[in-house]
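Chemist: Below: one structure in C-alpha cells.
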Amino acid sequence: MLTTNFLDFDFENPFMNASGVHCMTIKELDELSTSAAGAYIMKSATPEKRAGNSEPRYYDVPLGSINSMGLPNLGFEYYLEYALKQQENTKRPLFFSVAGMSVAENIAMLKEIEASDFAGVTELNLSCPNVPGKPQVAYDFELTEETLNQVFTFFTKPLGVKLPPYFDMAHFDQMAEILNKYPLAYVNSINSIGNGLYIDTTSDQVVIKPKEGFGGIGGQYVKPTALANVRAFYTRLKPEIKIIGTGGILTGQDAYEHLLCGATMLQVGTQLQKEGPAIFERLTKELASIMTLKGYQTIDEFRGKLKVID
Ligand code: SIN
C-alpha cells in the first residue's frame, strides 16, 4: 500500500531518516538498514573527518529540537567505503550526503562519487546553518547557480539538493527558476529553520553552547514552513524533479500532509532522534490507517492533491 517509486526503484514505503539523525556510524546506519524505513541516508560528509561544534550542541525541547552540530562526521572515505560494501548486499539504493565547506570541496567529493562504483543517490547539502563563519549556500542564489553549473559539467548520477526553508514567494520563484535549469533528481525541503534561540527559563540561559545558543530548529515548530516549501516547489519545479518532504513529521497525519503537498519521499529528523528507529514502524502503520479511512489504495491517488479555497 505504501510502495513508493522513486528514481525507478520501488521502495517499500516513503519514510527515511533525515541526514544527521542516527546515521553517523556504521552501527547507526546498520540499525536504519534493518528498521522499517523505506530508505536511509548517511550523515553529510566533508572531505576529512570533523569533530563538529562543542557540546552541548543538540537539545530536545517540548515542541521540537534545537541543534548546532557543525557537521560532525567520520569523513567522506568512511561513508563511501560503507556505501560500496552495503550495495553489494542489496538492490535498494543508498543515499549519500555531501556538505563541503566550499564549492571546491563539494566538487572534489562529487568527482570521487562520479568516478566510483557508487550506484545510489547523492544529496548535496546546500543548507547547513551551523558552521560558524559559513553562511548557507542556498541563501546565496548566485553561489547556488555557480555550484550547480560546475556540478553538472561532469556529474551524471542521480543528484538531489537539500534546501533550507524559504519564506517569501519571490524566493520560491527565484530558487525554482534556478533549479529548473538542471537535471536534478529531487529537492529535499526543508533543513532546520536556521539560527533560532531557545531559553531555559529556570537558568535564564541558552540550551546549546555553539554560537551563543543559536541553532537550527526542528520538530513540530517547523511543519507549516516545511509544508509550504514542499508545496511551493511541487507547484514550481518541472515534474522530473521530485520532492523529499522533511520537517515536523511526528505522526502518520504529518506524513499524509507532506504527501498531499506533493512530496514523494519523507524524512524524519527530530522525532527519530527522540524515539529511535522503531518510529518507522509506527509511522508506516499510522499512514496506512489514514489511507484506509480515506479509501486510498496507493499514495499516488492523493499525492499533490491539496485543495485550495476557491
Ligand atoms: C549539522 O551538522 O550542523 C546539521 C546538519 C545540517 O543542518 O545540514
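The backbone N, Cα and C atoms fix where each Cβ goes, glycine too.
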Chemist: Among G75, G219, G304, which residue does TrEMBL name as a further FMN binder in the site formed by S19, K43, S44, N125, K162, I190, G247, G248, G269, T270?
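Modeler: TrEMBL names G219 for this FMN site.
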Chemist: Kindly assign G70 (substrate binding site) to one of the three DSSP-derived states: helix, strand or coil.
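Modeler: Going by the DSSP assignment, G70 (substrate binding site) belongs to neither helix nor strand, so it counts as coil.
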Chemist: So which binding-site residues out of S19, G70, S192 end up within 10 angstroms of C128 (active site, nucleophile), measuring C-alpha to C-alpha?
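Modeler: So the list reads G70, S192.
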Chemist: Please list the recorded positions from S19, G70, N125, C128, G219 whose Cβ falls under 6 Å of any atom in ligand 1.
Modeler: G70, N125, C128
Chemist: List, in sequence order, the same-chain residues at least six positions removed whose CB sits under 8 Å from that of S19 (FMN binding site)?
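Modeler: In sequence order, the residues whose Cβ lies under 8 Å from that of S19 (FMN binding site) (at least 6 apart) are I41, M42, K43, S44, F95, S97, E123, N125, K162, Q267.
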Chemist: Other than its own, how many Cβ atoms are within 10 Å of the Cβ belonging to K162 (FMN binding site)?
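Modeler: I count 28 other Cβ atoms within 10 Å of it.
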